[in-house]
Each structure stands twice: as C-alpha cells, then as structure tokens.
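Just passing along the structure, written as structure tokens.
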C-alpha cells in the first residue's frame, strides 16, 4: 500500500516531546522483497549448500532403510515421490510456493526425463544397498567425468589439464576404495566369497547408476532450457510422473507375499522403518528442488561435483551411524577423493577467470542434437 504522507509529517519538534510522552513514530514503509528473493534464488553458493545438506540427509535415511533386509526398492521410491507431491501441494495451497498446473502436453514432453530419474534413483538405491556410504560416495565421482565430457559434446564445454588431473585423482580414489573394501571383506571373519560377491553386485549397480545419473543430469539441463521449467515445475513433474511407473514396477517386479512383507517390516522395527521412509520422502522435496536449483544457477558439472565435495561429511556419517570399515586404505580413499574435489574447484576457477579471446559470436550456436530436441518439442 502506498504511503502518501509528506516528509514533514514524520518530523518531531523537540519541545513538544514532553507534551506527548506516548508518541510513537510511525513504522517505516515496507521494503520491497522481490530483489532479495531474486538474489537468493540465483545465489549459486546457497544452492550448493542446500544441495549438500539435502543429499546428506537423503543418503543417510536411505541407507538406514536399505541396511536391513529391505528389498522393496520401488515401493520405497514410490513413497518418497508420494510424500514429496503431498508436501509441495500443501505448500502451494498455503501460498508458500507456486508452480504450473498439470498439463498433459508438457507431461508427455517431460516423461523421458522422468524415466531417466527413475533409473538413476533405483540403481542408486541398489548400489547403496550393497556398498557402504563412503565407497558409494567415492564411486559417485565417476559420474562427474561422464557429465563433464557430455557437456563438451552438447554444451560447448572444455576440459583443461588441471581438470583432467582432478579426474585422475577421482579414478585413483575409486580404485583405492574398491581395493580397501575387497581387502576388508577377504580378511574379515565369515564367508569371504559371499561378501566379495555382494561387493561385485554393488559395483555393477554403481556403474549403471553413473550412466543413468549422467544421462539424467545432461538431459534435464537440456530439457529445462527448452521448456523453461522453474525449480518447482521440475520437482512437480518429476515426482508426479514417477508415481504410476513406480507403482507398476513394484507390483510386477517385487515380492508382495506376506512372508516378504513381514521380512521387510519386522514388528520390532516397523515404526522406525516407516518413519525413516517418510523422512526420506520429505528429503526428496529438498533434493528435487535443490538439484534443479543448482543445475539452473550453476552447471550440471558443478552440480555433480557437489557430491564429491560432500564425501567427507557423508563418509563420516557412514562411519558414525553404520558399520563401515575404518581402515587406513578406506580413509586414504576418502581423503584422495576430497583432494580431487578441491583440485577440480581450483581448475574451474582458473578456467572461468581465463579471458576468451578470438571468439566473437554473432549468434548462439545450436548443435544438431539441440535443434532436433527443439523440433521434437514443437511436434
């Protein structure tokens, strides 16, 4: 509401203060908040920190559920998506957020990204089920390499020598982590063959997850540019479109016999598991929003690198809350992976600070893949 009072209306004569001891100065006019909200929405550092916290929460909650004999992974993911949809719908009803209403044509165009998301989160849950949190986070670094070269192919990115060196450190840390994991499995008491087989299954799921994650991140970045989706639009369509697919996959591919349900939800831990599932579902609200937010205000490579910089607190959570082996090779792998993240950050800073000479573009270049994507959206 506009304040029409003149400046002299706010003046106070000092000799009249004693006559009106109860005088209260009028409140200052409200300050516009649009610029502040815009600066927060486009703050790259804040988006990275938000993604860090949400990814740590989601990883720990998922590991808690999957660390038992839980094998209803599709059901877990469906609960997460359902809780996410309920949460953002309540926020929209309260006027806290806004996003587009459901549109069938937009849903059809976004559905391939949803399938990539389902592939990413399912393979990630399977890898986390077989691997410890430190090993899982270290191997997640390999996704950064795939995404970086994907950006070279589709978004005109480049890889410097220092960036390439950081990639070498990431691969080296993954090798150390795998060797430490296998060494601990062989030397520990119990069936070593069974433990090594479990680790091998985890490595295979991790490889598939790296491919799915890089495809999802690159595809989502390109699709966001073409559809002009905002952060909550992306979160809404990602979770809403994934629910029917996850329900069908859970009903067809997972065992819903009474014995298996009792094994997944034992009476002693049933309440704790259900609470963790709901909490992990709420964490998907933050991970869905902050991941899209981070990709929008930074780049898909920076988004993937956040996971590498997160490895230290995530690994510590695995060592504190779960039975992850604490050995010199495993700690060394964590530290090498963390150093690789620092080297990568320095490489990106130097690359961004270097002036681009000799390049005078008159138009925005469009690759053949980008043009074909735009043509498909028009159809």
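The backbone N, Cα and C atoms fix where each Cβ goes, glycine too.
Copied straight from Swiss-Prot:
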| type | residues | note |
| --- | --- | --- |
| TOPO_DOM | 1-39 | topological domain 'Cytoplasmic' |
| REGION | 17-38 | region 'Disordered' |
| TRANSMEM | 40-60 | transmembrane segment |
| TOPO_DOM | 61-69 | topological domain 'Lumenal' |
| TRANSMEM | 70-90 | transmembrane segment |
| TOPO_DOM | 91-110 | topological domain 'Cytoplasmic' |
| TRANSMEM | 111-133 | transmembrane segment |
| TRANSMEM | 137-156 | transmembrane segment |
| TOPO_DOM | 157-162 | topological domain 'Cytoplasmic' |
| TRANSMEM | 163-182 | transmembrane segment |
| TOPO_DOM | 183-198 | topological domain 'Lumenal' |
| TRANSMEM | 199-219 | transmembrane segment |
| TOPO_DOM | 220-233 | topological domain 'Cytoplasmic' |
| TRANSMEM | 234-254 | transmembrane segment |
| TOPO_DOM | 255-272 | topological domain 'Lumenal' |
| TRANSMEM | 273-293 | transmembrane segment |
| TOPO_DOM | 294-301 | topological domain 'Cytoplasmic' |
| TRANSMEM | 302-322 | transmembrane segment |
| TRANSMEM | 326-346 | transmembrane segment |
| TOPO_DOM | 347-379 | topological domain 'Cytoplasmic' |
Can at least 3 Cβ pairs under 8 A be found between the transmembrane segment (70-90) and the transmembrane segment (273-293), with each pair 6 or more apart in sequence?
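These two stretches do touch.
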Based on Cβ pairs under 8 Å, which of the stretches 111-133, 137-156, 163-182, 273-293, 326-346 lies most in contact with the transmembrane segment (199-219)?
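Looking at each of 111-133, 137-156, 163-182, 273-293, 326-346 in turn, the most contacts to the transmembrane segment (199-219) are made by 111-133.
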Are there at least 3 C-beta pairs under 8 angstroms linking the transmembrane segment (234-254) and the transmembrane segment (137-156), leaving out pairs fewer than 6 apart in sequence?
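Counting Cβ pairs under 8 Å, fewer than 3, so no.
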Sort out for me which stretch, of 40-60, 111-133, 163-182, 234-254, has the most Cβ pairs below 8 angstroms to the transmembrane segment (326-346).
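Answer is 163-182, with the largest number of Cβ pairs below 8 Å.
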What is the three-state DSSP composition of the topological domain 'Cytoplasmic' (157-162), stated as helix, strand and coil residue counts?
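So the topological domain 'Cytoplasmic' (157-162) is made up of 2 helix, 0 strand, 4 coil.
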Go ahead and report the DSSP secondary structure tallies for the topological domain 'Lumenal' (183-198): helix first, then strand, then coil.
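Tallying H, G and I as helix, E and B as strand, the rest coil: 12 helix, 0 strand, 4 coil.
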Looking at the stretches 40-60, 111-133, 234-254, which one shares the most CB pairs under 8 Å with the transmembrane segment (273-293)?
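Selected stretch: 40-60, with the most Cβ pairs under 8 Å.
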Give, as a single whole number between 0 and 100, the mean pLDDT over the topological domain 'Cytoplasmic' (91-110).
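Residues in the topological domain 'Cytoplasmic' (91-110) carry a mean pLDDT of 86 in this prediction.
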Residue counts in helix (H, G, I), strand (E, B) and coil for the topological domain 'Cytoplasmic' (91-110), per DSSP?
10 helix, 0 strand, 10 coil
